[in-house]
Amino acid sequence: MHVNGKVALVTGAAQGIGKAFTEALLLHGAKVALVDWNLETGVKCKAALDEQFEPQKTLFIQCDVADQKQLRDTFRKVVDHFGRLDILVNNAGVNNEKNWEQTLQINLVSVISGTYLGLDYMSKQNGGEGGIIINISSIAGLMPVAQQPVYCASKHGIIGFTRSAAMAANLMKSGVRLNVICPGFVKTPILESIEKEENMGQYIEYTDQIKAMMKFYGILDPSAIANGLINLIEDDALNGAIMKITASKGIHFQDYDLFPSFSKAP
């Protein structure tokens, strides 16, 4: 799929990786709906983008992705405004081991909800024109992390759900591809949360160990993750792919044993 001329919806779009995604999509000719819970940051992001791109290329919508009604209304507003939806990036996420239920709600449940909403609008079965959904997990979704067990569980869940949903979308001939990006450590505000007790709870004593891991693995710039996003969108052969992006290896993919390719019975 070529990005130029397409309509994208990005959650958690006002800062960090989400902002980098938005900028990359705009640079490649897409129109982008910026979805974020932070009104002030979202308005500032939209204003900054308006100085570089035509204002009509972007739409900012304040939304708490954990609120199902707000999320449904957001998708409707985007399609009403731009007339279509081609690219969905479920990027919003938090790191909070203390309020672990909220972490699961934002990191996993909202991704599942967003994916199903995206399929409702994009699937050819529903009169859509197909498209692509990219869910943002983490390297923590592929390994155990003693200091962040709930965050780790949420990111594992994204991978299992997306791979399964990708198989289902293919069986249903929906015309929608689903893929995952698993970044390593990225220079974003979420990294600052590892030093806050209100985020880490009982695991705050392991902050130095996390910092040592960051030093060992290196820290990526958000633009590196945005490059991976564009690659996933433009490679039509990728469905159910797990793209890993690390400072040491750059973009590479997780290998899995192949499952049988079941097709619908005639």
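Placement of Cβ uses the backbone N, Cα and C atoms for every residue, glycine included.
Listed features, source Swiss-Prot:
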{"type": "ACT_SITE", "residues": "TYR151", "note": "active site, proton acceptor"}
{"type": "BINDING", "residues": "12-20, 36-37, 63-65, ASN91, 151-155, 186-188", "note": "NAD(+) binding site"}
{"type": "BINDING", "residues": "SER138, GLN148", "note": "substrate binding site"}
Show which residues of the chain containing GLN15 (NAD(+) binding site), separated from it by at least 6 in sequence, have their CB under 8 Å from its CB.
ASP36, ASN38, THR41, CYS45, THR188, PRO189
In terms of DSSP three-state secondary structure, what is the assignment for ASP36 (NAD(+) binding site)?
strand
Please list, in sequence order, the residues in the chain of ASP64 (NAD(+) binding site) that are at least six apart in sequence and whose C-beta is under 8 Å away from its C-beta.
TRP37, GLN70
GLN148 (substrate binding site) CB neighbourhood, other CB atoms within 10 A:
24
Name, in the order they occur in the sequence, the residues of the same chain whose CB lies under 8 A from the CB of TYR151 (active site, proton acceptor) and which sit 6 or more residues away.
ASN95, ASN96, GLU97, THR103, ASN107, SER138, ALA140, VAL145
Rounded distance in angstrom between the Cα atoms of GLN148 (substrate binding site) and SER154 (NAD(+) binding site):
10
With every protein chain in view, how many other Cβ atoms are within 10 Å of the Cβ of GLY18 (NAD(+) binding site)?
26
Through the lens of DSSP with three states only, how would you label GLN148 (substrate binding site)?
coil
